[in-house]
Amino acid sequence: MDCSLVRTLVRRYCAGEENWVDNRTIYVGHKEPPPGAEAYILQKYPDNRIVSSKYTFWNFIPKNLFEQFRRIANFYFLIIFLVQLIIDTPTSPVTSGLPLFFVITVTAVKQGYEDWLRHKADNAMNQCPVHFIQHGKLVRKQSRKLRVGDIVMVKEDDTFPCDLIFLSSSRGDGTCHVTTASLDGESSHKTHYAVQDTKGFHTEEDIDRLHATIECEQPQPDLYKFVGRIKVYHEQNDSVVRPLGSENLLLRGATLKNTEKIFGVAIYTGMETKMALNYQSTSQKRSAVEKSMNAFLIVYLCILISKALINTVLKYVWQSEPFRDEPWYNQKTESERQRNLFLRAFTDFLAFMVLFNYIIPVSMYVTVELQKFLGSYFITWDEEMFDEESGEGPVVNTSDLNEELGQVEYVFTDKTGTLTENNMEFKECCIEGQVYVPHAICNGQVLPEASGIDMIDSSPGVSGREREELFFRAICLCHTIQVKDDDDVDGPRKSPDSAKSCVYISSSPDEVALVEGVQRLGFTYLRLKDNYMEILNRDTVERFELLEILSFDSVRRRMSVIVKSATGEIYLFCKGADSSVFPRVIEGKVDQIRDRVEHNAVEGLRTLCVAYKRLVQEEYEAICTLLQAAKLALQDREKKLAEAYEQIEKDLILLGATAVEDRLQEKAADTIEALQKAGIKVWVLTGDKMETAAATCYACKLFRRNTQLLELTTKKLEEQSLHDVLFELSKTVLRCHGSLTRDNFSGLSTDMHDYGLIIDGAALSLIMKPQEDGSSSNYRELFLEICRNCSAVLCCRMAPLQKAQIVKLIKLSKEHPITLAIGDGANDVSMILEAHVGIGVIGKEGRQAARNSDYAIPKFKHLKKMLLVHGHFYYIRISELVQYFFYKNVCFIFPQFLYQFFCGFSQQTLYDTAYLTLYNISFTSLPILLYSLMEQHVGAEALKREPSLYRDVAKNALLRWRVFIYWTLLGVFDALVFFFGAYFMFENTTVTSNGQVFGNWTFGTLVFTVMMFTVTLKLALDTHYWTWINHFVLWGSLLFYVVFSLLWGGIVWPFLNYQRMYYVFIQMLSSGPAWLAIVLLITVSLLPDVLKKVLCRQLWPSATERVQNMCVWRQDHLPELTPLPLCRAQPLGHWPGSHSNLVTLTCWESRECSVPPPWLLSPMPSPSQPGTQLPWPEGAGRWTLTSSSL
């Protein structure tokens, strides 16, 4: 035996196949290759079971517990619980164990139920019937029993049970149509092609005789990439090798359409299918709020340790006197006296840690998770963000970043399909310098007023006629369009007129617009059948054999086809961006066409250049050899194909150029303007040429007429070095500013000179490229400084990877701004994944962006409400939730700390065990949860009308250390009032009718009652948006506390071995001084916060508070004064000192009042003449004062 084969076997079975090779071999129908062909090595692959569930019956408990205790807060409380079990602590283990058990149980039940649903879905999928070929007959079995190598038959409208190589179909041309809506959301039909040597096998007996071997790459999740080859053995043991690509691969989850049946061989099954590999979420992003929560938690952990240390030290200082350490009524045993001092101190330290551990809010994480999960439904339920045209609504792929929508400082947006409609309209074509303008064609609709062919400039000569026809043929042949019409697909066309009923389907709207455009110029693409493309040249049908397709990609930015005419001439037609075609041209009227391309680009039109070259048979054969070698490669196939394309697509003859218009999306300009007013900087990242992108930026108001444009482009760098250009731009932008102290990353300044920067991909590569002397970082910093001082930036000629580099550059800058990327195509996925928040537009370029994003919206205009309204609300709500949780826990545990100074640091608890247990998980949890779901400090309409309000919450404003310290100090103050107020009021007072004095449990219950009412009423004071649900939950939680306390202290509970709370609460409420103390202490506790709110609102109001005041004013005055559009008048009242005239305000511009005029909030001025224009704040419309006699 050959030694190499032995080594191969050892490596395969010892190391595992996945670890030693990048390819796999599949034997079609499990047939061994012919003797002498190749070694037959049996390989093991997984079955076809899909497992999307996370747990099994046996591992659910340990695995779920392990995952939950990886959380710091849960692990911390577990340690505290174990400490309470091990040592003698002042509180029962139940006080820590029950809240922890509740949190763990709720989370486990939720995750268990979700996993049970996944199990049900998996079982339904795995038990679906599948037809496969066995010994020439059709056999039916369950999907889960399918194996790699099985030959499967799939019927029309069925989904593919695994990833299949397409062998043959019922269609004569060996094609089939599929939809991949369940994979990438694209509902259009895609054409797939059977293997050339197997497409003639139409019956089960034919397919069973197939003898072939497939080599392909190992499973990987890219839906649009596949590399393989098939070796088909004939009867004489001759073999033919054919390349396999994504056009031969039928993916699991896709659906067969318009094809009776197909045969395919299984190559990836079960969890190795591309659909299963895409199950895993790629988003591992954390919000700024979550980072703040963790920082605050560490601070409170330090406070907890400090409290425990202070009490431990003071305890031993207190016990340094013998009569305090061993009072006559509590003598120590001998063993206690001999116990090690350090061990005793450490035990006491742990006991104090247990006593004060409630300062860490265990239920906060569960509440935050619930708030995020439930709050995300407000986006999906928003009817204003539903697009009637497409029938699509917003999609939330992750709820972990809701509040991050309210913190965005940079928006990076794609242009085509995001700012524009991606709905192309053919405008003109330029052939040999002659300009052709057909009717306006858009999606097959012809404008009614257009007729005939309108040709600008003079008619071309004889040679020009030949180039003209070549140009139109190139447009009709160089594409990947499918034709769908009402006739039988395989039937002949009755007449040329039937072409008018064609519907063109393509993944690229540009291609459809071009083919529809030249149709009006006399050339109609008919169909592709049996590898022949048919076009209608006015009245003559021409047939071209399709020899090769050099597919489009975003790096080459062009595509080509090689076709053979009926006369035997071979042509290569190339179509692509001007920057990728002009360098490969050796002949043609380059200057005239370049001028026209630049003219159209300035007009905002999308341009493509068209070129060709004739090939002789020898050249074509050489090209075939080159392409075949690259296509059969299993390693680096894409790289080898790119190199082959570079060699083929050269020495071209330029024919002309096309221009199509991509209209701006509805309200795109309004959305960008609102985002800029909100202090958000908007960058456009596009692959389009500079002039086209700049025109779009002007149209959508990213650039304004007074914007001074700065260029950092290849053209500029040809004249000066990168170093000189950067320093020149830096001096320009800093000349008016004087310094870089402006808060540029938040974009809050509006009084600076308006600059706009344009940079292209080549210049960015130079900036990002590391230099030998290490000066690249200096270039980056200088580039960032320039960008900081520009109001808008346009990045053109960007490759997908460069888009992600730009986002990363800004994201990792020293200010660490929050970034958002939005796009609609596969080329935007990299920047969407890179940004803090990724948003996909559900557009016409498929669903790749929407599937890989955190959120998906139907139109760019919906970004305005998502950020300015939903993002604002989410941030306000969750920031209050986090601060409130820490505040109420300070109020809860600080009196316990103070109590130790009055009980000899004996670790005596101030509160009863039931109160310790239920405070966070029951008494105070629901009100803050409802607040965090429903609070609206300002109405949604006001937030949309006043985008500047977004600045009030920018840069994590409500979770800064200053605000956090205020809430903490407020909690400390309230705790001091609770404790010392109750202490001094009842220090030497008899408070019951029989002269009894309050005991320690009554004192603790009084403090707890005051605290419960204070923290609940504090939340009520912060609530601006009241509904019946808020009232029910807020006041219901207080009622529940009172009822629970009455029951807890009014009944002898048999399961308790102590009854220390029996009758305590009832006795406290029977005392008049206790009622007085409760009311008085609650008032004193809330007073500082109320005063602070009133003073700040009156003396230093924020923009949000001014709008709140305005909303209150409008509610009070709406019955008397209603802004009405277009000269409709509303009586205001009688003029002071006059009883004969009725004063009327008339609005003569249809603009809504947003700020009250100062003269309406003050005494009415002296009478004015009718028609006088009264002072009115900017942006509130124009009003006229008139008077009329009564």
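Even glycines carry a Cβ here, placed using N, Cα and C.
Automatic prediction, not curation, is the source of TrEMBL annotations.
Pulled from TrEMBL:
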- D414: active site, 4-aspartylphosphate intermediate (ACT_SITE)
- D414, T416, D824, D828: Mg(2+) binding site (BINDING)
- D414, K415, T416, E511, F552, K575, R606, T686, G687, D688, R797, K803, N827, D828: ATP binding site (BINDING)
- 127-191: domain 'P-type ATPase A' (DOMAIN)
- 69-87: transmembrane segment (TRANSMEM)
- 295-318: transmembrane segment (TRANSMEM)
- 349-368: transmembrane segment (TRANSMEM)
- 964-986: transmembrane segment (TRANSMEM)
- 998-1020: transmembrane segment (TRANSMEM)
- 1032-1056: transmembrane segment (TRANSMEM)
- 1062-1087: transmembrane segment (TRANSMEM)
Check your understanding: How far is it from N827 (ATP binding site) to T416 (Mg(2+) binding site), counting Cα to Cα, in Å?
Key -> 11
Review point. Which one is closest to D828 (Mg(2+) binding site) in space, judged by CA to CA distance, out of the recorded positions D414, G687, R797?
Key: D414
Point to revise | Rounded to the nearest Å - Cα separation of R797 (ATP binding site) and T416 (Mg(2+) binding site) | key: 13
Review point. Apart from its near flanks, which chain residues at least 6 from the ends of the transmembrane segment (964-986) lie with a Cβ under 8 angstroms of it?
Key: 292, 296, 299, 883-884, 886-891, 894-895, 898-899, 902, 997-998, 1003, 1006-1007, 1010-1011, 1014-1015, 1073, 1077, 1080-1081, 1084-1085, 1088-1089
Practice item. Could you give the residue numbers and ranges of same-chain residues that sit at least 6 residues beyond the transmembrane segment (69-87) on either side and whose C-beta is under 8 angstroms from one of its C-beta atoms? Key: 93, 95-97, 99-100, 103-104, 294, 297, 301, 347, 350-351, 353-354, 357, 360, 362, 364-365
Review point. Which value does the mean pLDDT take for the domain 'P-type ATPase A' (127-191) in this predicted structure?
Key: 84
Practice item. May I have the DSSP-based helix, strand and coil counts for the residues of the domain 'P-type ATPase A' (127-191)? Key: 7 helix, 37 strand, 21 coil
Exercise for review: Could you check which of the recorded positions (D414, T416, D824) sits closest to R606 (ATP binding site), going Cα to Cα?
Suggested key: T416
Check your understanding: Apart from its near flanks, which chain residues at least 6 from the ends of the transmembrane segment (1062-1087) lie with a Cβ under 8 angstroms of it?
Key -> 973-974, 977-978, 981-982, 985-986, 989, 991-993, 998-999, 1001-1002, 1005-1006, 1009-1010, 1013-1014, 1017-1018, 1021, 1045-1046, 1048-1050, 1052
Point to revise | Within-chain partners of the transmembrane segment (295-318) [C-beta distance under 8 Å, separation at least 6 from its ends] | key: 72-73, 76, 324, 345, 348-350, 352-353, 356-357, 359-360, 882, 886, 889, 897, 900-901, 904-905, 964
Revision key, fill the gap. Cβ proximity for T416 (Mg(2+) binding site), under 8 A, sequence spacing 6+, ordered by residue number, returns N422, R606, D662, T686, G687, D688, D824, G825
Review point. In whole Å, how far is D414 (active site, 4-aspartylphosphate intermediate) from F552 (ATP binding site) when you measure between their Cα atoms?
Key: 19
Exercise for review: Give me the non-local Cβ neighbours of D414 (active site, 4-aspartylphosphate intermediate): same chain, 6+ apart in sequence, Cβ-Cβ under 8 Å, ordered along the sequence.
Suggested key: V684, L685, T686, K803, I822, G823, D824, G825, N827, D828
Practice item. For D824 (Mg(2+) binding site), list the number of other Cβ atoms lying within 10 Å of its Cβ atom. Key: 31
Check your understanding: How many other Cβ atoms sit within 10 Å of the Cβ of N827 (ATP binding site)?
Key -> 22
Check your understanding: Hey, of the binding-site residues listed (R606, R797), which one tops the CB count within 10 A?
Key -> R606
